[in-house]
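First comes the structure, then the notes that go with it.
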Amino acid sequence: MAKCGVPQRVPGDCFRPVSTRHPRQIPSCFSICFLTHEAQSLRALAHSWWSGALLLLLLFLFLSLEQTSTSYNAKIKQKVGECPRQRLECRNESLSSCKTDFNCKAHFKCCQFACGRKCMDPYEEPCMLPSDKGNCQDILTRWYFDSQKHQCRAFLYSGCRGNANNFLTKTDCRNACMFVEKKGQCPLFPFQMRMECPASCKNDMDCPEKEKCCESRCGFICARVWLVKTGFCPRKPIVCSKIDKPKCLQDIDCPLDEKCCTRCGLKCLKPRH
């Protein structure tokens with residue numbers, strides 16, 4: 001039988017004594033003893049390794065979240081709604097107040113209008129807005145369209161903020177607002193029993209903000225528009241077991257970008273694009 005040698009004694013305490021015996025072999029034994037300073041070095045090395053690994057893991061998670069956020073924002077570049085079309089031929093761009101929709105408050109969008117990018121309500125006609133001087137200190141002469149008097153008028157602009165009814169020249173104001181066709185669809189009037197009546201409007205700008213100049217049973221009148229949102233309604237089912245009570249009558253009755261669609265009864269649905 002083999003015998004263990006006499007252990008050599010050195011100053012210090014063992015960090016973790018270990019003894020092992022292998023069965024079915026020639027019996028032998030050994031002990032492992034780390035000196036105190038070696039144990040401390042091992043602890044420091046292990047702590048350093050785990051700290052480095054944790055730091056790398058946190059860095060990886062941060063970069064992953066950053067990439068996910070960037071890709072998400074790239075997919076959702078625009079808010080719901082449609083900007084008014086650019087109505088002027090611009091030789092010089094005016095100062096822009098935004099770059100993307102997400103620079104604008106609430107549901108406002110960053111739109112190219114009147115030769116500059118600005119935050120606008122996609123559901124408002126800019127030429128129907130009142131004059132707004134803004135809240136800075138400059139004194140600049142600008143032009144706005146007075147929808148009540150149906151003419152372009154000068155006003156003093158402070159140099160920032162304000163709204164989209166703001167033009168550099170009277171000509172720009174006239175070109176952008178005098179003969180604008182508002183968004184939306186005129187309501188359908190019956191063609192029977194038409195009468196000859198004097199027109200109460202000549203174009204959309206003769207009407208209040210949410211009305212258009214529409215042909216009716218009695219000449220042209222200002223009528224509340226049917227707002228038609230972008231996209232197409234989903235296909236109707238071939239057979240309906242029952243017809244539900246209408247939840248809407250037109251697109252404007254539906255929230256956000258949903259449309260009023262026929263699907264076993266009128267209801268608000270997500271459109272197809």
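Using the three backbone atoms N, Cα and C, a Cβ is placed for every residue, glycine included.
What you are looking at is a predicted structure, and each value in this text was computed from that prediction instead of being measured.
Per Swiss-Prot, the features are as follows:
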- CYS90-CYS115: disulfide bond (DISULFID)
- CYS98-CYS110: disulfide bond (DISULFID)
- CYS104-CYS119: disulfide bond (DISULFID)
- CYS127-CYS177: disulfide bond (DISULFID)
- CYS152-CYS173: disulfide bond (DISULFID)
- CYS186-CYS214: disulfide bond (DISULFID)
- CYS197-CYS218: disulfide bond (DISULFID)
- CYS201-CYS213: disulfide bond (DISULFID)
- CYS207-CYS222: disulfide bond (DISULFID)
- CYS233-CYS261: disulfide bond (DISULFID)
- CYS240-CYS264: disulfide bond (DISULFID)
- CYS254-CYS268: disulfide bond (DISULFID)
- 76-123: domain 'WAP 1' (DOMAIN)
- 127-177: domain 'BPTI/Kunitz inhibitor' (DOMAIN)
- 179-226: domain 'WAP 2' (DOMAIN)
- 228-272: domain 'WAP 3' (DOMAIN)
- 45-65: transmembrane segment (TRANSMEM)
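Feature map: annotations from Swiss-Prot on the structure.
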residue: CYS90; record: disulfide bond; Cβ contacts under 8 Å, 6 or more apart: CYS115
residue: CYS152; record: disulfide bond; Cβ contacts under 8 Å, 6 or more apart: TRP143, TYR144, PHE145, ASP146, PHE167, LYS170, CYS173, ARG174, CYS177, MET178
residue: CYS201; record: disulfide bond; Cβ contacts under 8 Å, 6 or more apart: CYS207, CYS213, PHE220, ILE221, CYS222
residue: CYS240; record: disulfide bond; Cβ contacts under 8 Å, 6 or more apart: CYS264, GLY265
residue: CYS254; record: disulfide bond; Cβ contacts under 8 Å, 6 or more apart: LYS229, CYS248, CYS260, CYS268
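The Cα atom of CYS233 (disulfide bond) lies nearest to that of CYS186, taking the disulfide-bonded residues CYS110, CYS127, CYS186, CYS218 as the candidates. Fewest Cβ neighbours within 10 Å among the disulfide-bonded residues CYS110, CYS173, CYS207, CYS213, CYS233: that distinction goes to CYS233. Per DSSP, the secondary structure of the domain 'WAP 3' (228-272) breaks down as 3 helix, 10 strand, 32 coil. In the structure as shown, the Cβ atom of CYS177 (disulfide bond) sits within 10 Å of 25 other Cβ atoms.
Nearest in space to CYS119 (disulfide bond), taking C-alpha to C-alpha distance over the disulfide-bonded residues CYS98, CYS127, CYS197, CYS218, is CYS98.
Taking CA atoms as the reference points, CYS127 (disulfide bond) and CYS186 (disulfide bond) are 19 Å apart. In this structure the C-alpha atoms belonging to CYS98 (disulfide bond) and CYS104 (disulfide bond) are separated by 7 Å. Computed over the domain 'WAP 1' (76-123), the whole-number mean pLDDT of the model equals 88.
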